[in-house]
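*Asks:* Starting off with a structure, shown below.
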């Protein structure tokens, strides 16, 4: 077992595309852990989706043996954290497992919103942070400007900041020396009762749940009986090991060390991220602080395009849930779409990733309904319910008040686009809280916005309004009372539950009009007239009509009596009337997507 003063646990904090995974790759190469033959980009991002989108979704760890200039041997544990706002809780748990962090900032771009959010999380844990300026090989890099920006916005002293190029490997050895010299060794009592923090877990079809953890106090040995604090279930440790970067089995792990265990745990819910592991016979008196249950924030309906695909979709969702405890689903039925599932996600990126994984890894064709958030409703009898599906909203006469979730958002943007951002936030019912300069030409704007307003197209419009230069980060604040209504879409008098949305009363008319027009363009023409109506309760606020396709029934009459033609036209009219009464309109997938794109026009 290595001595504690020779261990360093660190993570790398960075905004998307600032070179975090590339720096991790170079560290593995410089220390000789990955040979040239095994070399590949984004070595730690094992999922195809992670490599394609260039983001880290799951936390990974790697144990790196390192010999410093002085000849002392160290063990460096790199804990790779997700960088995206949706996975904030996972980031905070990964950071709790570390004792220090490298802050990687792109020297050509400067500080971005998500960098700041994660830095604040690291500062909450009292971490020492080493600033690293990456991409100095680019002609557009400006090291002095970015140093000033970091000092201004975060208050970190950048006199000892290390300028590197992760791509070429320049100065990466200096980063390793700095980790050893400037980051603290882990604290922890080897003789105290076992206390280990779970910061990630995933499901393996052969070994059950694999748990990644950091030992805070005590020693964990193979064969020990352990208990989880949150679930109070006990298990026997059947395998103990570390990733270096491939699996290496070990007999024991002591305070300050990071590793994984397998203990025949059947469900991911039994090894929750943030939970504490302790011994059954000599338990710790209290868990590692900071554990919380992860709650989904965004919901949407997922339906198979073909009813026969329902069972395969259910099996795919079960498999996904094994590897993603934050993802939840329950069966639901829609009159328009048949049987499907109501799924809950941490945020928009999480939702996109799950949908993409279903279509890519499990080959399931999906229809996804418009995303919605959780509203709180107070009814006349004094009860409060949570509504995650617009079609479940009670009758307006039974509602006393409706509450919607608000988020606080920080937007980092260059000077010249401030007007566009302010206009967009005002349009989305935002309340401006703060605005300040972090550098000569970069502004941070803080707004409080209804979460429902950013679920649709906010991010796309923010990017297009700022030529892609803006970055944003948000966190939930609270629930506030709002004047909200449910907008129903009726096709030939029949309400389509999958197209119902909850909108603010002031926007209902505009939204209903735009959606009806969009549907008119996407629903194919039928042999009979199709009426599309947007309604609030009994009141229709917008209507569009798709005219019927017309067959010329009088073409075969050459000359002859007008009554003959009239008779044929009357017969056609009667047939169309009957068809309209009996006929069903098949809604294409584009019709459901139309609801997502209403704001584009």
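Yeah, the Cβs are placed from backbone N, Cα and C, and that goes for glycine too.
Heads up, here are the entries from Swiss-Prot:
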DOMAIN    5-187  domain 'tr-type G'
BINDING   17, 18, 19, 20, 21, 22, 134, 135, 136, 137  GTP binding site
*Asks:* Which one of these binding-site residues, 21, 134, has the sparsest Cβ neighbourhood, judged by other Cβ atoms within 10 angstroms?
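*Replies:* It is 21 that, of the binding-site residues 21, 134, has the fewest other Cβ atoms within 10 Å.
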*Asks:* Report, as a single number, how many Cβ atoms besides its own are within 10 Å of the Cβ of residue 19 (GTP binding site).
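*Replies:* Counting Cβ neighbours of residue 19 (GTP binding site) within 10 Å gives 23.
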*Asks:* Using a 10 angstroms cut-off on Cβ to Cβ distances, just flag whichever of 17, 136 is the loneliest among these binding-site residues.
*Replies:* 17
*Asks:* Mean pLDDT for the domain 'tr-type G' (5-187), as a whole number?
*Replies:* 76
